[in-house]
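Chemist: There's a structure below that I have some questions on.
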Amino acid sequence: MAPILQRHDMAMSAIAAYDGGMRDIETILVLTGAGISAESGLATFRGPDGLWEGHRVEEICTPQALARNPALVQNFYDMRRAALARVVPNAAHHALARLDAEWPGELLIVTQNVDDLHERAGARRMLHMHGELKSALCRECGGRVRWEGTLADGPACPLCGGKGGLRPDIVFFGEMPYQMERIEEALAGADLFVSIGTSGAVYPAAGFVQTARYHGAQTLELNLDPSAGSHFFHESRVGPAGLLVPEWVGDMLGDRVTDAG
Ligand code: APR
């Protein structure tokens with residue numbers, strides 16, 4: 001097996017070929033959205049039959065909606081949590097987990113998704129900026145607990161015992177995304193920013209490409225359709241993540257160079 005250093009050099013030559021510039025890529029920041037989980041059978045938000053098709057965002061995904069109609073909101077997220085048991089990670093999730101395991105430089109996967117498919121594929125260098133379906137947040141003690149079951153029936157908080165205080169640990173519209181400081185740091189230090197399966201409709205994530213470019217990063221988009229922010233990227237590849245992501249990861253890890261070896 002080729003020593004890490006050598007493989008890294010191979011990856012570099014692949015990158016040089018890709019952007020035509022002699023630019024060293026050590027630090028990669030990957031942003032993912034609902035599109036990366038579409039081929040696993042999870043609905044996106046704004047596509048045909050998207051999650052927001054049947055619901056108005058204001059009715060479901062705001063703190064006001066939770067206060068106004070807790071049963072509707074809690075049932076919506078209970079349904080999505082239960083659906084996770086019926087899906088598995090796809091080739092794109094597995095490819096990113098491979099990159100996580102084999103990339104010798106810095107890597108951070110920032111997902112807007114609240115599903116657990118990245119982790120189930122084995123990704124570790126990652127964070128959920130919009131929360132997780134399998135986590136509950138207690139409005140009484142502020143604590144977070146891993147959660148597999150339902151919340152609509154108002155279970156007691158395992159930490160403080162408070163009843164009815166648990167809500168989905170999801171960042172609602174109007175709330176601050178999680179770990180923004182860490183994300184800003186990673187954006188400032190990225191040599192390569194890659195966006196996968198997101199429409200570029202929701203900020204602050206939709207602005208990451210501009211921030212990364214401002215700090216000098218190369219930027220690449222992998223998406224089924226051109227997104228609202230495609231024109232900000234150095235390169236935008238159109239197609240299903242299940243094909244584009246394994247191909248891109250293979251390039252980064254020098255598969256083609258090794259094969260040509
Ligand atoms: N492969 C690659 N991209 C895909 C695929 C696929 N198989 N299927 C769909 N896409 C792309 C669509 O072209 C679209 O651009 O994924 C994108 C999904 O966009 P949205 O449904 O808007 O989801 P996302 O961008 O993740 O939404 C951002 O909005 O509703 C909030 O908090 C929620 O995190 C979410 C945020």
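Placed from the backbone N, Cα and C atoms, the Cβ positions cover glycine too.
Any TrEMBL annotation is an automated prediction that lacks curation.
Okay, so TrEMBL annotates it like this:
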- His130: active site, proton acceptor (ACT_SITE)
- 33-52, 112-115, 197-199, 223-225, Ala241: NAD(+) binding site (BINDING)
- Tyr77, Arg80: substrate binding site (BINDING)
- Cys138, Cys141, Cys157, Cys160: Zn(2+) binding site (BINDING)
- 7-261: domain 'Deacetylase sirtuin-type' (DOMAIN)
Chemist: Mind running the recorded positions Gly33, Gln112, His130, Cys160, Gly197 against ligand 1 and keeping the ones whose CB falls under 6 Å of it?
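Modeler: Among Gly33, Gln112, His130, Cys160, Gly197, near ligand 1: Gly33, Gln112, His130, Gly197.
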Chemist: Using DSSP with the three-state reduction, classify Cys138 (Zn(2+) binding site) as helix, strand or coil.
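Modeler: Reduced to three states, the DSSP call for Cys138 (Zn(2+) binding site) is strand.
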Chemist: Can you give me the average pLDDT across the domain 'Deacetylase sirtuin-type' (7-261), rounded to a whole number?
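Modeler: On average, pLDDT over the domain 'Deacetylase sirtuin-type' (7-261) sits at 91.
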Chemist: Determine, using Cα-Cα distances only, which of these recorded positions is closest to Leu224 (NAD(+) binding site): His130, Cys138, Cys141, Cys157, Cys160.
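Modeler: Spatially nearest to Leu224 (NAD(+) binding site) by Cα position is His130.
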Chemist: Consider the recorded positions Tyr77, His130, Cys141, Cys157, Cys160 and say which one has the Cα lying nearest the Cα of Gly197 (NAD(+) binding site).
Modeler: His130
Chemist: Here's one to test understanding: among the binding-site residues Tyr77, Cys141, Cys160, whose C-alpha is closest in space to the C-alpha of Gln112 (NAD(+) binding site)?
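Modeler: So, of the listed binding-site residues, the one sitting closest to Gln112 (NAD(+) binding site) is Tyr77.
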Chemist: Looking at the binding-site residues listed here (Tyr77, Arg80, Cys138), whose Cα lies nearest to that of Gly41 (NAD(+) binding site)?
Modeler: Arg80
Chemist: For the binding-site residues listed here (Phe45, Tyr77), which one has the lowest count of neighbouring CB atoms within 10 Å of its own CB?
Modeler: Phe45
Chemist: Neighbours of the Zn(2+) site Cys138, Cys141, Cys157, Cys160: Cβ within 8 Å of the Cβ centroid, same chain, sequence order.
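Modeler: Sorted by sequence, the hits are Arg139, Glu140, Gly142, Gly143, Pro158, Leu159, Gly161, Gly162, Gly165, Leu166.
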Chemist: List the residues of the same chain that sit at least 6 positions away from Gly33 (NAD(+) binding site) in sequence and have their Cβ under 8 Å from its Cβ, in sequence order, or write 'none'.
Modeler: Thr44, Thr111, Gln112, Asn113, Ser195, Ile196, Gly197, Thr198, Ser199, Ala205
Chemist: What does DSSP call the residue listed as 'active site, proton acceptor' in the simple three-state scheme?
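Modeler: For the residue listed as 'active site, proton acceptor' - judged by DSSP and reduced to three states - the answer is coil.
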Chemist: Taking Cys141, Leu224 as the binding-site residues to compare, which has the smallest set of other Cβ atoms within 10 Å?
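Modeler: Each of the binding-site residues Cys141, Leu224 was scored; lowest Cβ tally within 10 Å is Cys141.
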Chemist: By a simple count of other Cβ atoms within 10 Å, which of Gly41, Gly197, the binding-site residues in the record, is least packed?
Modeler: Gly41
Chemist: Counting only other Cβ atoms and using a 10 Å cut-off, which of the binding-site residues Cys157, Cys160 scores lowest?
Modeler: Cys160
